[in-house]
Amino acid sequence: MGRPRRRGRDINGVLLLDKPLGLSSNDVLQKVKRLFSANRAGHTGALDPLATGMLPICLGEATKFSQFLLDSDKRYRVVARLGQRTNTSHAEGALISEREDICHTGTDDAALDSHRGSSQQVPSMYSALKHQGKPLYEYARQGIEVDREARSITVYELLFIRWEGNDLELEIHCSKGTYIRTIIDDLGELLGCGAHVSYLRRLQVATYPSDRMVTLEQLTAIVETAQAEERSPNAELDALLLPMDSAVLNFPEVNLLPTVAAYVKQGQPVHVAGAPGEGMVRITEGEERNFIGIGTIAEDGALHRNAWL
């Protein structure tokens, strides 16, 4: 018989991890889960191994609300290496073409403008999107091209930062599902020289502040120091977590009396005076305004529960 599976802690909250270079999002997720001894953990939108930056990790009950972060806007800083196009649109891909005739007359506002606003984007074959249960990148590595549907994306802001030599640096604020590598590949073709991503960092997810990010090194140091001093690291680790409702603070709040909240918890719709006319809401209970879940205001004005603690 195998050893019994150890149950983790019932710890709930959101950790803003500064994902390091070279590790997959799942790699760092598992490391964080072990360091916190958490029973459940999930990330909220993968970053490539070659990307760094903000990766919100939901622990425990917070995993119920991770979808709302998956659906949120993102902000990135990216450096495009002009003159070289690769099959993956990043630095570790195979070189497809190389051109020396790189235009240095300016930022080419027309090329940048063409990527601002709403558009349709075809995901890269070297992406984690799944086709028949298998990631697209697995097909690509076998030389198989799969038809992909274009998806609606929005680039809210595309800022020119600098252009030095063959490096063009941009900051991009975009909607969910936007592939920065695809934007850079398309931009390189519009500039007539080809391009790939040489550096990518996620600066922000939703409205989370970048100064609350922590690194794996910081987490590991906390655990190792506690072990050396023969004490628990849990209190110090838990202090780094943001509350569960931080994932849904963009939704308007509906505060319920405990007696009314009891009906909603049982799955019964209720009408609440002063609630928004429709849409998703963040539900709190009592004078303490304890977060208890997410609900939807239907067309008839009734509050229905969605994700619940």
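A Cβ is built for glycine as well, from the same backbone N, Cα and C atoms used for every other residue.
Same-site candidate for substrate binding, as annotated by Swiss-Prot with H43, Y76, Y179, chosen from L16, L21, L200: L200. Straight-line distance linking the Cα atoms of D48 (active site, nucleophile) and Y76 (substrate binding site), rounded to a whole number, equals 13 Å. For H43 (substrate binding site), the number of other Cβ atoms no farther than 10 Å from its own Cβ, over all displayed protein chains, is 22.
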